[in-house]
Structures are given as C-alpha cells and as structure tokens.
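Below is one structure; the comments refer to it alone.
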Amino acid sequence: MLLFLIILLPVVFKFSFVSLSVLQGWDCSEGSSSGKGNSTCVGPEPFLIFSHGGSIFRIDLDGTNYEQLVADAGVSVIMDFHYYKERLYWVDLERQLLQRVFLNGTRQETVCNIEKNVSGMAINWINEELIWSNQQEGIITVTDMKGNNSRVLLSALKYPANVAIDPVERFIFWSSEVAGSLHRADLNGVEVKILLETSERITAVSLDVLDKRLFWIQNNRDGSNSYICSCNYDGGSVHFNKHLTQHSLFAMSLFGDRIFYSTWKKKTIWIANKRKDMVRINLNPSFVPPGGTKVVHPLLQPKAESDAWAPGQKLCLRKGNCTGSVCEQDSKSHLCTCAEGYTLSPDGKHCEDVNECAFWNHGCTLGCENIPGSYYCTCPVGFILLPDGKRCHQLISCPSNTSKCSHDCVLTSDGPICFCPEGSVLETDGKTCSGCSSPDNGGCSQLCLPLSPVSWECGCFPGYDLQLDKKSCAASGPQPFLLFANSQDIRHVRFDGTDYGSLLSQQMGMVFALDHDPVENKIYFAHTALKWIERANMDGSQRERLIEEAVDVPEGLAIDWIDRKFYWTDRGKALIEGSDLNGKHREIIIKEEVSQPRGIAVHPMAKRLFWTDMGINPRIESSSLQGIGRRVIASSDLVWPSGITIDYLTDKLYWCDAKQSVIEMANLDGSKRQRLAQNDVGHPFAIAVFEDHVWFSDWTMPSVIRVNKRTGKNRVRLRGSMLKPSSLVVVHPLAKPGSDPCLHQNGGCEHICKERFGSAQCLCREGFVKAPDGKMCLALNGHQIPPAVGSEADLSNQVTPLDVLSRNRGSEDNSTESQHMLVAEIMVSDNDDCGPIRCGTWGQCVSEGENATCQCLKGFTGDGKLCSDINECGTSTTVCPPTSSKCINTEGGYVCQCSEGYRGDGIHCLDIDECQLGIHTCGENATCTNTEGNYTCMCAGTLSEPGQMCPDSTPPSVLMEDGRYSVRNSYQECPPSYDGYCLYNGVCMYIEAVDRYACNCVFGYVGERCQHRDLKWELRHAGQGRQRQVTVVAVCVVALVLLLLLGLWGAHCYRTKKLPSKNLKNPYEESSREVSRPTDSEAGMASCPQPWFVVIKEHQNLRNGSQSMALKDSEAADVSQFSSRETGSVQLPSRRNEPQVYMGAEQGCCIPPSSDKGPGPHGMQWGFHLPSCEAQPIALGVEKSQSLLSANPILQQRASDLPHQKKLTQ
C-alpha cells in the first residue's frame, strides 16, 4: 500500500521566496530543548501532518522525512494533536471511531466510539480535554483524553461545523457553514457571541494563538472563488485576502507568518504568507484531494501563565541525572513522578537511580553493570553477549558467513546467530548492527557517545544543536540558505524552498562558477560569455571586476576565506589560477598534466586544493595551495567528474560524475571511497554539503536535489523555473568554519566585536549598552536601558546575508518581476501531473486539471509541447548597438560584448574617455583628445601617432605633482570599500557617465585598475633612455680625450722649460759634424725617428728672380741637405713676406736630415737641425736664428741674400 502511494500519489511542494519567518529565533518555552554550553535555546523544526486517500502522512516543511504514520485511517478529514503527549487524534467518520497514535506512527489505538455527523474536533491541551461538534444535532461535546466523562458543552446551535479553541484565553470558536456565521463562547459554555455573519459559506476555521486572531476560509455559493479572511477575537479588524488564491479552499492551519491550506480543484496543499497575500508552498498529491491539515510545533500549544506552579507547589527539582523525562510533573497533584529506572527520594523532590544489579532481578546470566537509570549485562573473555542482551555464549564462529551478518556470526544450540561488537546492538532484521562501533554511527548525524556496551547517545559539534529525535544535529544561529548560479542569473533559496528569488540577473550571460566569502559577505562569480570574474555584495550592489584578461571558460571557483585568496579553473585554457581577493598577484597554480578542469574546492585548514579533471584522463586531484605536492585522489571508474566539495566537519570529499550520474564520497586522501547515489541524480554539475545533507544541481531536469550525506537516501528535488543550475554554495556562519567576520570592518560593531561560531557578536564598553540594532552602543547617562538591549547577542538573532537582502527588497518598490514571480517546487518523487509530456530543460510543465502544457522559460518560445531558445541577436531589432558592441546569443538571453574603446555591463556600451582615465599612449608632451571609440594625439597643433614624442617646446600639461594624469572634470571619490582597488599608486574615482569606478593611473601603468604596465610607454621611454645614455657616454669620452690632451700639453710645457738646462752644447757644431758625415746619417735613418728642425722658406716675386738664380748649384745643394723629412718649417712667402713655422714632434736620437729637392726655382728652403737627441718641441725666435747664423759662416753668407725686413715668427 505504501509503495502504491509513493508511486501513484507523489507529494509535490511548491515554494516561492518569503521574508523572515518566526522560525529564525524561538523563545525558550516549555517543550523546547536547550543547547549545550552557551548556545541559545533551540526549538524543534515544525512539520506537517495531513490525511490523504485513507492514510495519514507526515512530512517536514523542506520535503524531507516524508513518512506514512497511519496506513488505514479511514475517512479522516478531522484531526488534531497533543504536542506534549506526542499524540495524534483523528475521527474515522466511516467507522464512527475516535482513534489516536503517537506522532512517530507507533501504538495506534481506538479511544472510543463516537456518534454520527461529527463535523469538527479540537484538543484542549491545558485541561486535557477533547471537544467535538455535531452539525446534525447542533451540539458541542466535551470529554477527557480517554473518551470518558462526556458532557454537552453547548446545545441548540445552528449547524456547528468547524471548532477551534484557545485554552490560554479560554475561548471556543465555531462556524456555521449553512448560516455563514462565526461564533465565540468561553470554555464553560457561557457568554456566547456572534462575531460575523455573511451570505457566503465558511468552510474552515483556525486560530493564530500568538497574534490572537481568528482565520477562516470563505467561499461563494457556487464555489468558484475562495479567499482567506481574519479578524481579532472580538470580531473586529476584519481582513479579506481576496487575491490570495482562486482555487477551492478546503482545510487550513497556521504557524507563524504562514498559512497552510488545502484545495479541492488543484488537489494540493499550499502555504501562503498571511500578511503579504503571496502563495508560498504547494503540496501536490496528484489524484485524491487532501483532507485535514495540521502544522505541529510547541508554539502552537503554549502553556497558560495561570498554569504555572505556585512557589510551594514547584517540588520537582531537576539536578544531577534528573534530565529530560526523568522528572515529570503530575498535572493534578503537582507532585514529581520519576521515569523508569528511578525512584522518588524520601523528601519527594528528587529522583534517585535504582541499582537493578543489587536486586538480582536483572536477568543477566554472568555479569551485571549498573548505570544511571538502567543497567547492562556483561560477559567474560571468550564469551559474547547474545542479541537478547541477557545471555552470554561461548564464542564459536560460524564456518562461513552464510547468515550475511554485518559484523560476525556465532554458533549456538539454536543455530547461527549474528552478534555485534561492543557499543552496538543488532537491528530488528537480525543481521545489521547499529551503534558507535558500526558503520551507521549509531544513527547519529555527528557524534556517537557510548554509554555502555549496548547503549549510546548522540552529540553534536560545537555550534550545532541536537534535535528532538536525539540523533540529528542542526546548525545554531540563522537559517541557512543556498546560493546557486542559474546560467543567466544568480539565485537564493532556503532549504524549505522559501525566500526563493534572483540575486543578480542583469545580463549575466552565462555564469557557472560561484562562491561566497563569509568574512566580507560578498559573492564571487565568473562570466563564461563575457569572460571576466567579478564580485558583488549580497544585495547585488558594488559589483567589481577583478579579472578581465586572459579568461576563457571559467567553470569552477573557490574562496579561501582564511588566507584571503580565490582560485578558479579555466577549462578553455586548461589551467588553474589563483589571486588574492582584490584581483592582485594573479598566478598560475596548475598548468601541467591537466586537460579540462572544472570543479574546485579549497581546504584552508589542510592547505590543500582539490579539483576535478574531465579530460582524456578523468580524475580527482589534489595539491598544495602553491600547486606542488600533487596527489591523485581517484582515477578509476570516472568519466566526467564535475563538481567537488568538502565536508569540513568530517574531512570527507564529495564529488559527482555528470556522465555516469553518480555521487561519490571518500576521505581526503582518497581512501574509503563510497558510491552514495546513482542513476536518479540526472546530469549533476556541482555539489555542496552542510549539516546532514548533500546538495547537487541537475541539468537533465533543471533542479537542485538533496540526499542524506551518509546513506544517499531521503531524496528531495527542488525545482522552479530553473535553466541550468550550476555552482551551489551554502551560506551560514558554520558552513565555512574558522571564518572571523570581526576581521572586516570590526564585524559592523561600534565597540567590541567577538567571533562566535562564525558570527559576529557586538559588545559595548563599560558605561554603554547595545542599541536595538545589536551593532551600535548607547551611553547610559543615568537613563533607563532601552528594551531589547542586552550585553550578548543570541546566535538565533544574528543578521544573515539573506536577512539584509530581504529587508532591502522589502523597502524597494521597483523589484523586478522575476523576483516576485519565482516559484519553487519540491518533489518527493520525479512524477508529476504532466504524464507523458516532457518539456525538456527550457520549459516547465503546468497542469490545469486534466490538461498539461509546457510553459517556456523567459527567453524561450514553444508550441505547448517543446521550447526552443530565442535568438535575440538574429532578430530584426538591434539589441546591441553595432557601432560599439557585438551581440552574443546565450541560452535564454544575450549579452553585448563591447568593442575596443568601449566598456559596458553586458547590455550597454559607453565610450571610454582614454584621455580622462589616463590610459592613452600619447607622448608626454602631446595633447590627448577623446573620440568615439578612440582618441587622437595633438602635437603643437599637428596630429601625431599614439606613442609618438612631441618636441620639448610643448611642455606636458597633463601631469600632476604626484605623477598622475590630470582629469578635466572633478569626480566623486570612491567609498572606503574601494581602498586598494587601484594598484600602483593609482587614484580611484567615480565616473557618473558610465556609472563605474575608474582609476587615474600614474605614468607607465594602464588598465581598469592600473594593473598592467604600459608597454608602449615603456618602449618609448626606454628608447629615450638609450639616447640619453649614448649622449652621456659620448660626453664622457670627449671629456677624457680633452683631459688627456691637456695632460700632454702640460707635459710638453714642462719639458720645454727644462730643455735649456739639459742641452748646453753648441747646436751648430753638432749639426756641422753631422753634415760632414752624410753617409752615416743616411745609415741611421732606419733606426732613429726624424729630429726637430726648422725650415725657412722664401717665395719671391718673379721680379726678384735674378737674385735666386744667382745662387750656385753647390750652395743650393748644401741648402737642400737640410730640407729632407721636415716635420716643421718656417715658410717665408714671397707674396705676403710672412714666415711660417711648422713644428714636428718625433723624438729619439740625432739624425741628420737627408737631401731632398727644393721647391724649384721659385723658392728655397733653409733647414736647422736641433742638436738634442731628446728633442722636445721648442720655439725659435729671431734672436735664436741670428745666433745660429753667426756660428756658421756658410749660413751667414747665404742668409745675407735674404731681405732684412723679414721677421721670423714661430
């Protein structure tokens, strides 16, 4: 029967996003459990009970724990519960029975027979009474919880139908369906009052015992329209929610801000917000309409204040081992009663443990050990305890494990019996062991704490609270929620499907990679179509591009919230890169032996990276954060390993294979690999884990699926207008342990910030108290402390990222349509009402009674059966300006890729003013002029090429004192959050024209954030630098040469002054001796350099030629001997009669001049040999020449022919 219901009657939940519910933080009340240590009081999760097709089911509001409580309940549309007795009561109208069962589905029993025509029932949980109405007889009857002592409370009523009571206010309410009226009386049956009368039918009533309001369902007479109405307990302040729904409403229940109601026509159960007129959840049992519906939670049955014990009556003192159900108050006698295993102390105030082992009635065959409230049997070495927990048997192992025992088998006289290790017990199947020493961890979701060899209890890690089932652990603090990339937008949704909406949707193109930073509360995501990586606040504001260049196909991204870095995979470039959270210090982590990386996860505590590779050698790999120490985690039985995540509490690795449709898990080193789910997971892309569940996205049926992280069971599918749900992120202070929000802006606290379980708690200094916002501090100043102000902040009251988002959107009137129209649907099975119609991934099936059609998603079109993508770029309408951008079609949308010289947001492209932003390449002395999509450079009124240098006559006018480019207009400064945004001393400014933040860069840097070097500028200035270097080198060489020449000239002057003292001989005698030995002088010419000598030349006019022709040949020959190899001479030009001196510099030994021919008949040469073998440059004046002539008669004779008015000059 149960299998039949699961297959044919799937239950479907539909949700849309809501504001905060009262579930975020409950006050500690009776029935709620308190956490350990300093954790706050935590209430249990509410769940729903409803009747359906002759059975009664229960299910959590998030779609999990869907169970059948009663298989054969009959026609049971009337039901109620007693929370503190943990009982469910219902009326079987067909058998005329009042029945009950425990809330866990055990111990079903009949309470009593009941009359016909019972139309309503309610439980007085304070007075322990049952109240029901009989529409046919017009009476309301009261009885005790066992069906005894019945009495008529009210009679002579007009068709009383539905009944509701508030035992705290001591009121009973009922409706008259025929008369269309509402009534009220006290619980004594007096003070009857008519609250409302209408001509329409009233089909259901329910109470909000917290807000003290009465709700009812009102239908028009033909049943076409239904709506929910409410009023206060006096019948005033009536509110009609006519636009809540158009379906035929039937049953109703309330909890907090939500209304649970069932419908006839749609055969569904919905949840709506009772104040905002918005539908929230849809339960879809396909064929049979649901009956009674009740939400179960202790807040729905509060205790009355008058029920509190008097000081002298509060006798039950809880201390020591007196916890949980050990001490119980008897509601009538106000005395303490003790649980099994305890006895009341003599003073009647305490419960004391009973030592069962001392009374010899324990039944143990060999040994007994007492523990508080119980005992257990023990066995000596060599014996094992049989499954009955009493008998010991010698350990004789079975020859073969034919019984398929999960642990081991022992041979007994009754045959082979399975037994379990110490700390575990045998399950009812007789084969499986359960306990701390068994694979199921004793059923505990986190910690299993042994109490005895056969008993244990479950515990939780710090920051988690044990739930009422004493097995599951839930994170304390705010409600967690999911962030996921949906290709064309980023969405958020709570685990129960509420608060479902779009976070970022403005022309996202294609986004697959996503992660969340819990410290700064920002999201990081990568655009596959636009090819950049950016971040934004949780409300979608302050979007910043971090990585814009050299990005191809980024499909995975992970934040290191401890070391403040992020890493991403690029499947197109086949590498893994990393950067700090501001986009600085980008580096390649993995580039060798990687083919198609996709998913990536980081373990900050272990300092390791984990990623998936979908390439030719599919595998799961790991490395250090620097890319070294690579290790293969898994390489076998993989095809397309896609998403990967880490359970930081248990150090387990989870991944999914998109091709094989499997979910797997293993230790961080790859050991203990286990397949968690298979075949029913579709095409998984990404995966996330938190608390007891693993979430993964599915592309086959666009949705998000959840399974138990240990067993892979209890699968729930969450869907709703999804395109391609990709990366998944759980947002909660404990989702990424070790994060300290106090590190960023002091956690938002004015005075003191204290981190506790990933949340920031604000404290105030002495003399101050916290303001109601929990962040600011108020001075006492002798005034009374404001209400709701304390010194510590409860985790349950912490402001979450989604809280801020909800408040911001609640205050906005221009919320997008998609944010209001998104509706999520939770499916317990994959079956729906669409039957054979399959809409594919681009459409969603919508059932209307017997018909079902495909409703295409936004950006797609279809014929009711199939949907296809609309190519916006191929339409006649120009969606992207062709002059400034290029249109790129994506699934369900498009993006505008800006051309060079433009910048945009994926829709609009605006011209970049390169001149203002300082990203042009005009020369230092050039004037930059912005143009559409480009710019021009002016050099003294003449156009020049970008990068060309202008003459120095045009001084630069765009450089400020700090080395930055000046701008023509004044701009707003960037907010403090942009500190460090501009790199390399750039200045951040806000440009209103493009609605962007930009950087004013210093010379040599360009880019949006001044992150790139200006290569053209560097090359240009490098060329100028080389020219300057060559000039400097040339100047240095010239200077050195000049210094060398100056040194030589100084040495020459010095030796010239020293020459007279060293050279005392008569120069004529020396020269006459050399003249008499011409042969020797010629022989010596080869080894000695030419000596210094003087040649006196005279050139006369032709009119005086007789004198020169009168010379004898012998005399001419004698003179010609002094003219050989002259290096210096004095010429006496005949035309200007000015002697000239030519000086030589060769030194060595004394060499007589060789004979050489003179200049001919027009002149003659006179040579004077300097007699010093160390000849230095000397000057010969007139006096010196006369002395030489006087010493030589021949020279004197020949010199007499020269004109006497001619002067010798140097």
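Note: Cβ is positioned from N, Cα and C throughout, glycine not excepted.
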Swiss-Prot annotation (region 'Disordered') - matching range among 423-445, 791-813, 1113-1135: 1113-1135
ASN321, ASN1104 - the residue Swiss-Prot records as N-linked glycosylation site: ASN321
Recorded disulfide partner - CYS974, candidates CYS950, CYS988, source Swiss-Prot: CYS988
Disulphide pairing with CYS873 per Swiss-Prot - partner from CYS867, CYS880, CYS887: CYS887
Selected from CYS896, CYS898: Swiss-Prot disulphide partner of CYS880: CYS896
Spatial separation of CYS433 (disulfide bond) from CYS377 (disulfide bond) - C-alpha basis, Å: 18
Number of helical, extended and coil residues in the repeat 'LDL-receptor class B 3' (170-211), per DSSP: 0 helix, 25 strand, 17 coil
CYS368 (disulfide bond) and CYS922 (disulfide bond), Cα-Cα, nearest whole angstrom: 94
For the domain 'EGF-like 3' (394-434), distant same-chain residues with Cβ under 8 A (at least six beyond the ends): 382-387, 440, 442-443, 450, 453-454, 456
Three-state secondary structure, which DSSP defines for CYS856 (disulfide bond): strand
Under 8 Å by Cβ from CYS420 (disulfide bond), counting only residues of that chain that are 6 or more apart: PRO387, SER406, HIS407, LEU426, CYS433, SER434, GLY435, SER437, SER438
CYS915 (disulfide bond), number of other Cβ atoms within 10 Å: 21
Set of same-chain residues at least 6 away whose C-beta sits under 8 angstroms from CYS368 (disulfide bond): GLU356, CYS357, HIS362, TYR375, TYR376, CYS377, THR378
Alpha-carbon distance [CYS409 (disulfide bond); CYS364 (disulfide bond)] in Å: 21
Cα proximity to CYS915 (disulfide bond), best match among disulfide-bonded residues CYS398, CYS749, CYS982: CYS982
Fewest Cβ neighbours within 10 Å, where candidates are the disulfide-bonded residues CYS867, CYS982, CYS999: CYS867
